[in-house]
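Comments concern the structure below.
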């Protein structure tokens with residue numbers, strides 16, 4: 001389906017500093033990458049030229065204004081920019097100067113696609129960890145309960161029932177993609193949209209979610225992460241809470257408006273106070289029981305994990321009933337993700353919670369999240385996206401305890417993202433050393449940093465590990481995984497952490513296609529992994 005809006009119509013909806021050139025054309029797409037601008041054409045009904053609006057976004061490494069000529073050559077009919085514009089003039093093109101080009105791109109994108117979030121029940125999920133799994137679980141439960149939904153997350157997205165791997169490294173895409181995907185969900189008959197709302201996406205610096213009308217906000221947790229972007233943990237938390245502040249701006253669309261918080265996290269009260277709407281908590285800790293009862297939330301008790309999955313009892317303080325629950329998922333932490341998901345689906349649809357709970361055994365794990373790889377080897381291989389100290393503490397203790405009981409050892413392999421928060425690196429090393437018998441450090445996404453220097457910063461956190469026996473630095477990830485498998489024996493566990501679902505490794509001068517699952521499986525069966 002093609003969407004079009006006149007340039008004049010778009011200009012009326014935004015704050016304009018200056019405008020010159022031809023404003024009679026039609027906009028049929030919004031782009032910030034000049035390479036994606038396609039040749040203009042002419043509208044059959046009006047005869048007017050129609051093409052892309054190019055937004056010259058300011059960036060850390062470059063400025064979008066450098067690509068204006070390229071966008072025009074490729075067929076853009078309108079250029080939006082901020083600041084001064086040098087050596088650009090073309091009578092056939094409309095130039096629009098604005099104060100904030102990112103916010104303007106969000107506004108124009110929403111307008112172009114007829115504000116899709118106005119007709120969808122939109123659930124946003126934020127948190128340092130657990131976002132992608134919770135988004136997927138909400139999406140799955142909605143569809144299992146007969147409520148057509150779409151979603152997008154770090155891992156994958158769906159607009160029409162088909163789940164597609166996310167081609168980007170961004171958790172929350174730029175606003176033009178956000179609005180397009182929401183429009184595609186609406187047009188394919190979806191009633192609900194589940195959105196992974198990262199702190200970057202919720203920050204006014206990016207305005208990626210600026211014009212999304214949220215009906216529900218789900219908060220999972222806040223731990224130290226992305227400080228290279230937010231500056232402080234306080235600002236990081238503040239930006240995440242923008243999801244809950246957005247609930248108060250909802251004009252009312254016929255869906256319930258509410259928040260959900262993980263009451264185990266110390267920041268839960270902060271998020272509850274960020275909105276005037278009802279907020280429902282969940283927890284697995286006895287100390288929170290009174291608060292969960294007071295706010296009519298969900299509580300999980302009698303949690304047991306085995307090789308076949310997880311069992312627990314769910315206490316619903318809204319109906320004051322208890323339900324036995326079964327999950328075919330690994331990782332006790334997934335109980336909290338499921339509590340958030342059940343609560344979100346029940347509150348936004350009004351369905352009987354028992355109908356939702358009976359679908360839980362059908363919920364599937366997310367790619368790259370506690371994924372068990374079995375090629376007949378006598379040791380366990382788990383792939384997980386864990387890449388922060390807090391996520392390490394979520395997965396390591398229970399795995400260590402379980403493997404220790406069987407007499408095995410834990411071998412962990414991971415790295416850390418280049419050009420990102422450096423403070424977490426030695427802490428990653430410390431936690432891994434505490435729970436692992438062998439630590440192997442390998443590339444994650446070194447970007448512009450030297451691989452060995454980066455990995456040595458992690459190694460500084462585990463000085464007690466003997467080099468060459470208990471600690472290895474092997475930048476090439478396939479080679480590092482091969483080493484890990486060579487050291488593994490019966491009843492051992494090899495944890496491949498940090499890449500999860502991602503489809504590449506980013507270096508300074510190149511991006512290498514890479515899939516952790518494919519690489520692991522090839523190495524387990526003895527295949528060549530030179531080009532995984």
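Cβ coordinates are placed from backbone N, Cα and C, and glycine is handled just like the others.
Feature list (source: Swiss-Prot):
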type	residues	note
BINDING	127, 128, 129, 130, 131, 132, 133	ATP binding site
MOD_RES	240	N6-carboxylysine
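Locations of recorded Swiss-Prot features on the structure.
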residue	record	Cβ contacts under 8 Å, 6 or more apart
127	ATP binding site	134, 218, 219, 220, 221, 222, 240, 262
129	ATP binding site	220, 221, 223, 386, 388, 390, 391, 394
130	ATP binding site	220, 221, 333, 336, 337, 340
131	ATP binding site	125, 153, 154, 171, 196, 197, 198, 220
132	ATP binding site	153, 154, 155, 171, 196, 366, 369, 385, 501
133	ATP binding site	334, 337, 365, 366, 369
Based on DSSP, name the secondary structure state of residue 132 (ATP binding site): helix, strand or coil. helix
What is the Cβ neighbour count of the residue listed as 'N6-carboxylysine' at a 10 Å cut-off, with all protein chains included? 29
Counting across all protein chains present, how many other Cβ atoms fall within 10 Å of the Cβ of residue 128 (ATP binding site)? 21
Using the Cβ center of 127, 128, 129, 130, 131, 132, 133 as the ATP site position, which other residues in that chain lie within 8 Å, going by their Cβ? 125, 134, 220, 221, 337
